[in-house]
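So that you can see what the record holds, here are the features copied from TrEMBL:
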COMPBIAS  A:7-24  compositional bias 'Basic and acidic residues'
COMPBIAS  A:298-318  compositional bias 'Basic and acidic residues'
COMPBIAS  A:334-344  compositional bias 'Basic and acidic residues'
DOMAIN    A:145-275  domain 'Aminotransferase class V'
DOMAIN    A:393-481  domain 'Glycine dehydrogenase C-terminal'
REGION    A:1-47  region 'Disordered'
REGION    A:295-344  region 'Disordered'
REGION    A:484-507  region 'Disordered'
Amino acid sequence: MNYDQARYGDDERNEPLLSEKDSTALDPGEGSALPDDLTRDSLELPGLSEPELARHYTRLSQMNWSVEAGPYPLGSCTMKYNPSFADAVAADPNAAVHPDRDPETVQGNLELLHGLQEYLATIGGMDAVTLQPPAGAAGEFTGIAVAKAYHEHHGNDKSEVIIPASAHGTNFATAAMAGYDVVELPSGEDGRVDVEALEAAVSEDTAALMLTNPNTVGLFERDITEIADMVHDAGGLLYYDGANLNALLGRARPGDMGFDIMHYNVHKTFATPHGGGGPGAGPVGVVDELAPFLPRPRVREARSASNGDGERSDPSERDADDTATAADGGALTGHDHDHGHTDDAAQDDEYELFDPEHSIGKVHGFSGNWLVLIRAYAYIRRLGDEGLLDASAKATLNANYLASLLDMEVPYGPFHHEFAATAGDRDAADVAKGMLDYGVHPPTTKWPEMVPEAMLTEPTEVENKRSLEDLANAFNEAVADTDEELHAAPTKTTARRVDQTSAARNPRLSWHALGEAQRASENASGE
Amino acid sequence: MSGRSAGTGGSPFAPHTADETAAMLDALGVDDEAELFDIPEAVAFDGEFGIPQRDERTVRADLRDTFARNDDLTEFLGRGHYSHYVPAVVDDLSSRSEFLTSYTQYQPEITQGFLQALFEYQSILVELTGLSIANCSMYDAAAALAEAALLSDRVRSTSGSTVLVPEDLRDGKRGTLDNYVDGSDLTVETYPYADNTADLDALADAVDEDTTFVYAETPTVTGAIEPDLAAIGDLADEHDALFCVGSDPVALSLLEEPASVGADVVVGEAGALGLPASYGMGLGLFACSEEFLRQVPGRLVGKSEDADDRRAFTLTLQTREQHIRKERATSNICTNQAWVALRAAMHAAYLGPDGLVGLAEDCVRDAASVAASLDALDGVEAPLDDRHHFREFTVGVDDAPGVAAGLEERGFAVHVLDDETLQVCVTDLNVDAADDLVAAVAEVTA
Ligand SMILES: Cc1ncc(COP(=O)(O)O)c(C=O)c1O
């Protein structure tokens, strides 16, 4: 394919920085209503007129790759098309409310959150869901914190989390953040969990095993039931990393496989835009036994109408894990009966917030990435059962079809929505740079390490046959290029090969640092 | 359109025609997609969630109805989630699909646009904080505070393990902090407030050699501007503790520059720029001094050069991060809030320094004038402290829940802090309704 990415600027640089377009210094304290000792003395920032601003960011956008521009088969990232209607829904001005609103006055928000909790629980085969974690890694942290609270509650002395070597880096970092020792599990010869190695690793110290399924090379862990039993027998919990749920939609559910805790990566599976690196959302589902430990508050249907004395509902009608709560921050009239709100309002209520009995507390300042959650809810409603089932069908069909067209070996199979091809004696990172010149984004490279020179590829369901063939062509052309050609690549992108070593060795992390560097070199040449 | 997946009840976003699907299946030697799945019977699911497929128009109409169930109240709410008017051009430009539908810049050559935007965002925060490093986002202010506390654990050579935070801290921040430090050796303790800002004497008593981190906010959760930042910074410094200031980019445009009062780290809610009220979604501001370069959590964009020696940007110092360092990473964060950072930078560049300072100045003047109007009412006292205020302030009344309920009936939302205290937040978005609010308070308290 003929392809040239936009390039603005000159021989030295692309589009100028905001600070190179304008830089205005002023003394904010001058004329301030505040006394001088409370104000800063200077502020120097760019200010652009609206037309200049529009041009600046339009140019930057044109120097950026995106799902809407073409294939973006980053393995493990599920770069689906993000439907426009979901953006439109999320832009509803009625949804743009403050988090401290009295829950009675934001019933629409609670209805959506409750609906999404239910959808996710059903899709994952879980009993209870929190929507608070703002990304997948935050979901992992929440899930492991829940496991830890559960173990502590039951007096279980646990110190280890087992993680397969092929797992995502966030799994390891999360377990360590939660204070656990990480036990790394080598992959079996077939690319799956080595059940014997697991048996050796599992002990009474095992707090949890973190797994993703299909795993990071797309293989289904066929021994999942045996694995679950093994961990459970040792008193451990099974954590499901939901990054790969797209492969399973409608075909298998983590809850049915024996997982106790999972996170959903809604920016992957449920098509919310990745936003250049976020925001995402990482809701967490758990089985009943762990529900009392979830972050607070959660949303539920109001149990009963007011009984007339300001009491919201008969506590005996509630689940053991439910206790009434006032929203944080002193929401208007609160939600607890101390604040004596009117009975009328209570009777109209359908949804309310509550604190799970042994809640781990908060994992986000408020209730998570709301604009992302709206889109996920809209997407699930749009697709319904048939759409979800077709998403996993076409995602898996696409990965298999694409792999069948490649002049590269795929060491492990049968795979589902993604596969790890090997670049063999070529450097996978170089092949990726070569692919950039074909008008596609390359796959994830050099990960997982179990595949040498891995090119972890996940086309998702949104590519059609023709586009997969173009993508295959990019792989095949690039891998056949000579080393010199690959080292010279890319040539058609906004920037040619970027010097990583220079960036790290001499960190220049703001335009202030550029100024200093420039001044330094000017001084040097002046000497 | 017959033959598309959508026409057969499949995913409307899987573009395959029936013929294409057949050809692909044929090439793979299978009859249908189900044959490609390697799922043992024992754990297979029948596909029935009971969720009907709906067309786009229906979903939009349903959700419009859902959100219409929210009461239309004029919000005078803040306490950590602030919204200012966001110009339409920010919505427009940030919604360009080239930004919205891209991901982390693993291939810098083809993602220069977003990298540059993030570099510009970092630079704006460097200017506002006076510190030399800002990352390209944490999830929100709560996560940023928690990450800052963990940073102190990594960089302080002392044996200290106490994190000191104000007693009056938003529950979401305190709760997130408690969870993040739970796996470390740190413990969280509080110091008291006097008159809604730090009680300096009590803080001096609380800080000791075991202190590794001191956190102060300006404005505080009740909107008071902290007058003693430099003294707090000195206290922290004398005990070799890290000094962390919590603020937001609008306040930072006008208030003392954190670096000038000795801040080692600045955290806060950067979504005060660029983000409309969004039910608590945020943008974690994280900036710190150069000495912590190798210990910063999250992503950093740096300037470099490409093969033609032209300026180019790239994610850098990635050996700090989870995908390389695994359990020894500085944080587990991967996906962050990049798109919100893009919007914040756009908004800042739209306002420019005079616009930012003007907005901040309005936050001071409007809060003072609305407080004065309320204070003039019988039985109402505002503010309840002697501080200068930014956007918000506390209000004393006889029956706060009752007053708030009365206000709600009249179409206003305010915070209830306790039986006798309300909190009111004034910004450019609600200031035009402030007279009506004052009149309503007068009515309700009469
Ligand atoms: C397998 C796997 N687990 C966890 C994560 C972390 O998710 P997030 O980036 O949303 O924090 C990712 C995504 O990048 C992933 O691919």
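Note that Cβ sites are derived from N, Cα and C of the backbone, with glycine treated the same way.
Just so you know, TrEMBL annotations are computer predictions that nobody has curated.
With a cut-off of 8 Å between Cβ atoms, the residues of this chain six or more beyond the region 'Disordered' (A:484-507) that come close are 3-7, 14, 63, 426-427, 430-431, 433-434, 436-437, 439, 478, 513, 517. Secondary structure of the region 'Disordered' (A:484-507) per DSSP, as helix, strand and coil residue counts: 11 helix, 1 strand, 12 coil. Broken down with DSSP, the domain 'Aminotransferase class V' (A:145-275) shows 46 helix, 30 strand, 55 coil. Assigned with DSSP, the residues of the domain 'Glycine dehydrogenase C-terminal' (A:393-481) fall into helix, strand and coil as follows: 40 helix, 12 strand, 37 coil. Summarised by DSSP class, the composition of the compositional bias 'Basic and acidic residues' (A:7-24) is 4 helix, 1 strand, 13 coil.
Across the domain 'Glycine dehydrogenase C-terminal' (A:393-481), the prediction's mean pLDDT works out to 98.
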